[in-house]
Amino acid sequence: MEKLIAHLKSQGFIFQGSEIYGGLANSWDYGPLGVEVKNKLKQAWWNHFVRKNPYNIGLDSSIILNSSVWKASGHIDGFNDPLIDCKKCNSRWRADKLIEEFNSEINAGVMTENQMEEFIREQNIKCPKCQACDFTQIRKFALMFKTNQGVLEDESSSVYLRPETAQGIFINFKNAQRSLRKKLPFGIGQIGKSFRNEITPGNFIFRTREFEQMELEFFFNPSDEKDWFSYWLNEVETFLQDKIQINKENYRVRSHEKDELAHYSTATSDIEFKFPFGWGELWGVAHRGNFDLNAHQEASKQDLTYLDPTTNQKVLPHVIEPSVGVERMMLAILWQAYHEEDLGEGNSRIVMKLPYNLAPYQIAVMPLQKQQNDQAQALYSNLLNNFDVTYDETGNVGKRYRRQDAIGTPFVITVDFDTPETNSVTVRERDSMEQVRINLDELEAYLKAKF
């Protein structure tokens, strides 16, 4: 992992947040190349789950919502972690994580606070920092970032940074349905920032306090006999394998046991990825029932039911939610792509084998020598009309190839001494390093076929 982090920083993918001021813990900035991968990932998700799906539409809801939303959803009262302090070194930990790291077979999420305290005491679980076995009682730690809106700083002006994008979709269910005259079943997709004041964030960008989510809430009539849960789980796997080329051996699907289910869920399956630190949740697909719409209907006193045009009966739709974090998906993609290769005879290379559609640049154009600059520049300008292209003229050809390998550029086009006479260029593919000669009249068609 450390090698990957160092590589991503040196190549302009991800930087430490606020680095010139000593950094800010758990804060990361996406550099010139990282933001390209991130935006292409989000675009791929949007195309697959919203734009190209016959059922779904999009939304962009506010980050700051009326606090009543979070009261109704249960976040204000129930969105917290069990916090415990070491009396010796004053470090703070999540009690449930201490237990689960001590014994991975235990699901501490179903234990009461008293049960967790007793287990920690009986098993003599040690503080990871100082190795002492002396902890405070567990107390609840609210995970939502709280602030004030306007000039007053009292409870009447209290607002929260959203901990998830889902609630913005639920409270806009009727607006979206009415305005576009949508009939069940249909879904609403959203990409946006969320914030959670995690006690123990970590593992690079896997768990951060500021993160981005790609969520879909799919509404359907509870009498609908189609297995929508399996449908969306299959769509998630299709996206992973076909759209962003996550290797099947690198992920697994795990269904939650009854005692693991969230209070709103009747069924949940996690897609877990084999990260460098072990298996971790990548994507969740949850059957939320009508929990959220019912909660907001009761709290707001607004009718959120759907009038079925066939039966003329009002129904409160049920919901399937596929939800994934952008940063976690980024980490999975970048980790899978990173390769150190021995080329023999003392030569090696670092290559980012990114999916072609997610690479920061699709193509690099470079002149073999300065004499070819004008023709190479003209080709570069022409290709910019249809591709994401970079121009590289610094250093010898071998170094430039390695530089493009290191950032994941799929194809490098070299304009050389023969180009003016033959009207052709050399095209090198990243993963195989194979080179072919392509006529300039056929170059664009050749490249389009690759993407």
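Keep in mind that glycine also has a Cβ here, set from the backbone N, Cα and C atoms.
Swiss-Prot annotations:
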BINDING   ARG94, GLU164, PHE211, GLU212, GLN213, MET214, GLU215, GLU321, PRO322, SER323, VAL324, GLY325  substrate binding site
BINDING   196-198, 206-211, 281-282, 325-328  ATP binding site
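Among the binding-site residues listed here, namely GLN213, GLU215, PRO322, VAL324, VAL324 has its C-alpha nearest to that of LEU282 (ATP binding site). Considering only the binding-site residues ARG196, GLU198, ARG207, ARG209, VAL326, ARG94 (substrate binding site) has GLU198 as its nearest partner by CA-CA distance. Between the farthest pair of Cα atoms in the substrate binding residues (ARG94, GLU164, PHE211, GLU212, GLN213, MET214, GLU215, GLU321, PRO322, SER323, VAL324, GLY325), the distance is 27 Å. DSSP assigns GLU198 (ATP binding site) to coil in the three-state reduction, outside any helix or strand.
In this structure, the CA atom of VAL324 (substrate binding site) is 15 Å away from the CA atom of ARG196 (ATP binding site).
For GLN213 (substrate binding site), the spatially nearest entry among the binding-site residues ARG196, ARG207, VAL326, ARG328 is VAL326, judged by CA separation. Under DSSP, VAL326 (ATP binding site) is assigned to a helix (H, G or I) in the three-state scheme.
Proximity to PHE211 (substrate binding site), judged by a C-alpha distance within 10 Å, picks out ARG196, VAL326, ARG328 from the binding-site residues ARG196, GLU198, VAL326, ARG328.
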